[in-house]
Amino acid sequence: MTFAMGPNNYGKSGIRLVRVGRESARHELRDLTVHTALSGDLDATHYTGDNTGVLPTDSQKNTVYAFARGGIGAIEAFAERLARHFVDATPSITTARVRIEEHGWTRIGDHSFTRGEGGELRTTEALYDGETVRIRSGVRDLLLLNTTDSEFNGFLADEYTTLPETDDRILATAVTATWDYQAEDPDDAFYDHAFTKARGALLTAFADTYSLSLQQTLHAVGERILKAIPEVAEVRLSLPNRHHYLFDLGRFGLDNPGVVFQAGDLPYGLIEGTVRRETA
Ligand SMILES: O=c1[nH]c(=O)c2[nH]c(=O)[nH]c2[nH]1
């Protein structure tokens, strides 16, 4: 019996990169986490430990910092430059996937910034196979909450169902969304503009959709992003339901007309789906 390698890749994860732009006294700040993943003709290293085709993950990390010296631009374009380099300059490597998360800092002065811990990320993934590049962009952990205009009722009930129907609840989620661009020669300005439009569409769709379920909200959000950006063919959404339970104050002789809630933790509902442009 032989034991063959299946699909595999290797790279450096969690490359923390901060770049300060000093072109003027009003400094620019970029804060990224980069992940590289390379694959190709790497049977020898797996079968015999022959590393002649292995570009060390340490070198991959160094490449990220070296490329940042000349400027980053849109994370999508930076990821593409790196992915192309790893494949085009390394004979043993046939595919590169470079993922980037951008941590946004808010300016409070010419050289001063603030950022909450955790928080929303702008994300991208460039996948290059030596011929074509696929760019996927998105957001992660974009926290949204509506204090009303959310119901959940009329659902299937079996012998284990205890959930009461509600015609007014808090709807809260932490959005992860990704979408691919089909654009001719996209540049930094295209990516930044498209991201701003997608994020804006997502926020307004969440805010002004009267929700009968998180599933319905998911479709409304995806539809709004597709309408806002013609270069996007489909949107993938992952929406954890951050439950908020109306706290029973009756035990203390108090009413609770939708005022006091207990924010839930685990378990949580997870609503996921893809919204596509229908072609006739
Ligand atoms: O929007 C919701 N969708 C569900 O599928 C579901 N299930 C549940 O218990 N609460 C909710 N809320």
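Just so you know, glycine gets a Cβ as well, placed from its N, Cα and C.
Now, the feature entries from TrEMBL:
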type: ACT_SITE; residues: LYS12; note: active site, charge relay system
type: ACT_SITE; residues: THR57; note: active site, charge relay system
type: ACT_SITE; residues: HIS243; note: active site, charge relay system
type: BINDING; residues: THR57, ASN241; note: O2 binding site
type: BINDING; residues: THR57, PHE152, ARG169, GLN215, ASN241; note: 5-hydroxyisourate binding site
type: BINDING; residues: THR57, ASP58, PHE152, ARG169, GLN215, ASN241; note: urate binding site
- Which residues, sitting 6 or more apart from GLN215 (5-hydroxyisourate binding site) on the same chain, put a CB under 8 Å from its CB? ILE271, GLY273
- Note on the structure: DSSP output for HIS243 (active site, charge relay system) maps to coil
- Query: Taking DSSP three-state, what's PHE152 (5-hydroxyisourate binding site) in: helix, strand or coil?
  - Reply: strand
- Note on the structure: Neighbouring CB atoms within 10 angstroms of the CB of ARG169 (5-hydroxyisourate binding site), all protein chains considered, total 21
- Query: With respect to ligand 1, which members of the recorded positions THR57, ASP58, ARG169, HIS243 satisfy a Cβ distance under 6 angstroms to one of its atoms?
  - Reply: none
- Item | Cβ packing number for THR57 (active site, charge relay system), 10 Å threshold | 16
- Compared by Cα position, which of the recorded positions THR57, PHE152, ARG169, ASN241, HIS243 is the closest one to LYS12 (active site, charge relay system)? THR57
- Show which residues of the chain containing ASN241 (O2 binding site), separated from it by at least 6 in sequence, have their CB under 8 Å from its CB. ALA172, THR173, LEU214, TYR268, GLY269, LEU270, ILE271
- C-alpha spacing of THR57 (active site, charge relay system) relative to ARG169 (5-hydroxyisourate binding site), in angstrom: 48
- Message: I'd like to confirm something. Which of the recorded positions, THR57, ASP58, PHE152, has a Cα closest to the Cα of HIS243 (active site, charge relay system)?
- Response: PHE152
- Task: Could you find out if DSSP has ASP58 (urate binding site) as helix, strand or coil?
- Result: helix
- Taking only the Cα atoms, work out how far THR57 (active site, charge relay system) lies from PHE152 (5-hydroxyisourate binding site), in Å, as a whole number. 49
